[in-house]
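Structure record follows, encoded as structure tokens.
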Amino acid sequence: MGPRARPALLLLMLLQTAVLQGRLLRSHSLHYLFMGASEQDLGLSLFEALGYVDDQLFVFYDHESRRVEPRTPWVSSRISSQMWLQLSQSLKGWDHMFTVDFWTIMENHNHSKESHTLQVILGCEMQEDNSTEGYWKYGYDGQDHLEFCPDTLDWRAAEPRAWPTKLEWERHKIRARQNRAYLERDCPAQLQQLLELGRGVLDQQVPPLVKVTHHVTSSVTTLRCRALNYYPQNITMKWLKDKQPMDAKEFEPKDVLPNGDGTYQGWITLAVPPGEEQRYTCQVEHPGLDQPLIVIWEPSPSGTLVIGVISGIAVFVVILFIGILFIILRKRQGSRGAMGHYVLAERE
């Protein structure tokens, strides 16, 4: 995997870890993704920022233009000039902080000539009971690097080479307290403002359409449970065997992808013994559903019809072949009989 792919891969992993943890209860989140490259030959700017409320991109900032751009209609049309000014100033401040942190990490690694990348994800999540949880993580050159611990005001090193930076940052207690204040106070306050701003959009609930499909190969029979076109994206999917929940280790983990229209799709798969498909059911829980939805695989009527048509055609072809063969044999027998009478008549 080349260096261009590593930052994107790390961001996806961090995002799944910190934000995409499917929970049945409706939660809301605000998080920012920062990324940059020390040299622009990696296809990245020196600093780019993406802001997400829940799972919707609402703001973008780029170091080169130093412009803050709204990315959703409800932000463009509803945000006040004062709130937009505060958001713009904070992103420009993050730009400066990111650059300082980037050079600190590079110096602690004795990296100066080569191109390197830095990724940061920070934000907060709010549950229905208004409890909040913050996160602040750094990735360097496509690898997890440092994570801030607001309870203890220190940093957790994800790899040995992160220790010099960890020790340096832990000497700055003022910064640690500022980080905690952001995660526990400023981030939840901004999230509340954005939720109010996005009322009617962010609080909608679209239940999933659930289907179970059947796939057969030479040696494996696989059931796939798909949940389609739902919002929000937190969803619980599991397999039941004889109406009893199965251990998650027995089937492949859930995959979730955006559809591009604001909704999501997710699926889980399970290998089953041939002929035992009816023993397994898929259970789906989602905030848009009043109760868990249980779906079983049902053979497609069209599939049965196709098999019947193919069988009928095969029988017809066999009968037609036998009929043609019978006619040919009778003609040959008739020809031989006529030849025999002609020869006898000639001898007389």
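Glycine residues also receive a Cβ, built from the backbone N, Cα and C atoms like all the rest.
Since this is a predicted model, take the numbers as computed values, not measurements.
The feature N-linked glycosylation site is assigned by Swiss-Prot to N110, N130, N234. The feature region 'Alpha-2' is assigned by Swiss-Prot to 115-205. The disulfide bond annotation in Swiss-Prot covers C124-C187, C225-C282. According to Swiss-Prot, the feature region 'Alpha-3' maps to 206-297. Among the features that Swiss-Prot reports, domain 'Ig-like C1-type' is placed at 207-298. According to Swiss-Prot, the region 'Connecting peptide' annotation covers 298-306. Feature annotation from Swiss-Prot assigns transmembrane segment to 307-330. The topological domain 'Cytoplasmic' annotation in Swiss-Prot covers 331-348, and the record cites a curator's inference as its basis.
Feature annotations (Swiss-Prot) mapped to structure.
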residue: N110; record: N-linked glycosylation site; DSSP (3 states): coil
residue: C124; record: disulfide bond; DSSP (3 states): strand
residue: N130; record: N-linked glycosylation site; DSSP (3 states): coil
residue: C187; record: disulfide bond; DSSP (3 states): helix
residue: C225; record: disulfide bond; DSSP (3 states): strand
residue: N234; record: N-linked glycosylation site; DSSP (3 states): coil
residue: C282; record: disulfide bond; DSSP (3 states): strand
(Q) I want to check the contact list for C282 (disulfide bond): same chain, sequence separation of six or more, C-beta distance under 8 angstroms. What comes out? (A) V210, V212, L223, C225, M237, K238, W239, L240, I268, I294, V295, I296
Q | N130 (N-linked glycosylation site) to N110 (N-linked glycosylation site) - Cα separation in whole Å | A | 44
(Q) Please identify, among the recorded positions N110, C124, C187, the one with the smallest Cα-Cα distance to N234 (N-linked glycosylation site). (A) C124
Q) Taking the Cα atoms as reference points, how far is N110 (N-linked glycosylation site) from C187 (disulfide bond) in Å? A) 34
Q) Out of C124, C225, which has the highest number of nearby Cβ atoms, where nearby means within 10 Å of its Cβ, if these are the disulfide-bonded residues? A) C225
Q) For C187 (disulfide bond), which residues of its chain lie six or more apart in sequence with Cβ-Cβ distance below 8 Å? A) L30, L122, G123, C124, T132, G134
